[in-house]
């Protein structure tokens, strides 16, 4: 082995702690980078990417089987501008019931497809398999069922013979072409006797970037098929717009995490390598003294850094790819997309970047030492340069603290550059934690506000009563006047009812706007129902309305303006009195039902929302109310059981995982710095121990050496985290088309900020704990002999 | 019967698979004795000193200092033992460069929990007695070798130790400074301080020690009690 090889090998073997730290730090940084890069990639045009991967349909068209034929539809694939088509697939709409849970599910559009592949709309399976025969069904990942629906039996009670299908898979169509897929023969069986069957055709056009392009393509198709046969059509641009609106809220959050991960990785790898090589100045001097050229010495140290770093990088890539599986699955669910894992080029870029960074940093640090005159390099002691931080030592010596603590407190001032690196690591860690906690809290509040779920008990008339269901359809069940009276009486008579309101949903036209706006008409005071106001107030009388931001933007109105809603040809003038938080793409109006008493006298409630008096037990109340409701056929449930948001769970899980990861990277940065510092101070450590410093005092001294930087890093990090949150959160709202009320932005309480600030201290202490233990175990006689 | 200040019984210290650095050593030092450990490099002198100071543990045998079984102490016990009973002086002073002279001197007392103000009183007395009081606020780097060693002695005496251990205390000093330190040790011995010093410096041993123990290859080859040839210097 050459002299160079021996030096490198002995350097790696001799400095085992440092070698391990370099490998670990690089591994964690690479893991975070792979995750961060994957998040950034996943967040870059998620819909367009997934749509391109799936060869999504630019136009999803539903045809009436009675007015056209399969052959004619197949021929439509040759329409001008159509570059690919799939179908015709038989379709049916029916409402299933979960047999085991005895729970009615919303109506679904079922498409008969024998394969998930095809020229258009490559449906991606996320669980299970595709149908391979009758009696099976694959659910869309967007269909609202539990997280593990496999093997669930779905019965269609309203169809002759009550057919039952077993869920064999869960799949995602980015173009949302169906709620479920089954074999074509099953779809025929799922078509109601009095209904004509339908066909679905999926088209891709040569030009589809604008609505005009899609409309032109649709016209070309209809020219061949005939317009009367078309039951409905869906442009991919509509889905794209809806999808982008939905993900807009989460996108900045994940991008920020990805970016933080990358920045922290660069910081930690840079400081770890620079620190490790920088402490070898004396040894580089010795190598030069025995005949190494500066170039040889530099090469030796670059190699010494690259060996453990390469091991760490390899382990980090593996760990990053493994960890990315659940993270990307979560982001897929948030974005409504499909990915197959970490893209290969992310791994390649991260590996190349990490290797390059290690080599460059090691080269720069070693070159600095290599260029020193040999005599100066050898003279560089292992203890800090005398003179630095003496003022701090004098100051802390006067503090009424145990001496071991006051000695430690002065340490960072003797090595300001290293202290700055520790500070930066802690600061980034604290920023990440603060930002994550803040964004998670904001999103939770947005989601809660969106759910309007402040009621304790809900009666949802949408779900047909169990066991007695009439034919389900997509509209809420129409309550008779008798039903309304029964339910109202039961609620009023039930002990424990504090207040309640009911909501009916219908549609009205908005003067000057095409299409319809959804109208949520309330009977009773709903201001307590979880409607978070952005500005203005909740309506209090007929003629007043409260609207989401989207309505104001679309109509160009402001609070205080009047608008005319048209219902059944009659104009109903209303005044906007408040802007409510409700992220939506559509026009939506909240108003008192009495406003429409003249035009909609028979509005029937879609749901009742009940607030219980203080101290009333929800389950006891439910038992009593459901008993009273038994004859009405409706069921009351607690709000929690109907309004749980999987999005919140997902976001919280993602935030927790990513925060943990970045905090670990930050702690690793601290650990490395403290290891270096402790190693350099090993002789001082020996002196202290020879003078009677106990192991506990030694630990206290080392831990105290990061307290100042921990507190400062925590304070700066929390401030930065709050600032980032304040900048990102409104941007998230803007992207989602809504303003956010101060309650969503001002999520930090003083106690929470204090705890987050102490989080910086925790990162510092966690990072210093191992080296502190090592310092405490160092044998005094050995430490005293160390040069 | 007086309890021995130091008592070693069949003490062996072996590092890895090599020959023992100290081999079946048995010796006893009475309170007030000044013992010089002599011997060539690698003879086991520093090992012996480290074992007495509780900085190292024997592979076999027992080490008892002022009634304390040093070989039985854990790390915390060893640290407390050194604080209470041992003062150490090193060849290269081992002063902490970032602390002023007085902060170096008060350190052992502060580690024992003595308040800074109380410790400073005692430190001022010691620095004054050793002739370096004017350097109290200075940093060790600005002092001469002799002055630094005086500061190190002051630090060693801070907690009024039973035993003063010195490892080549004149090894890094010029002749004049060496003489200063020699006189200092004489004075300390005259005041009744039990001293064990490891040295190559025969004149130092002859002037300060009432007893010389010679080690060769980890074994005691001579143990001579003798009269001090040099009187008190001050």
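One is the number of the first residue shown, and numbering goes on along the chain from there.
Cβ coordinates come from backbone N, Cα and C, glycine included.
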Range among A:181-204, A:205-228, A:301-324 that TrEMBL annotates as transmembrane segment: A:301-324
Feature transmembrane segment in TrEMBL, mapped to one of the ranges A:89-120, A:121-152, A:249-280, A:377-408: A:249-280
Of the residue ranges A:609-637, A:696-724, the one that TrEMBL records as transmembrane segment: A:696-724
Stretch carrying transmembrane segment according to TrEMBL (options A:419-443, A:444-468): A:419-443
Structural state census, the domain 'ABC3 transporter permease C-terminal' (A:658-772) (DSSP three-state): 98 helix, 0 strand, 17 coil
Selection from A:249-280, A:419-443, A:648-675, the stretch that has most Cβ pairs under 8 A to the transmembrane segment (A:20-42): A:249-280
CB contact flag for the transmembrane segment (A:419-443) and the transmembrane segment (A:752-776), at least three pairs under 8 A: yes
Cβ-Cβ under 8 Å with the transmembrane segment (A:301-324): same-chain residues at least 6 beyond its ends: 4, 8, 11-12, 19-20, 22-35, 38, 269, 273, 276-277, 280, 284, 341-342, 347, 350-351, 354-355, 358-359, 361-363, 365-366, 369, 657, 661
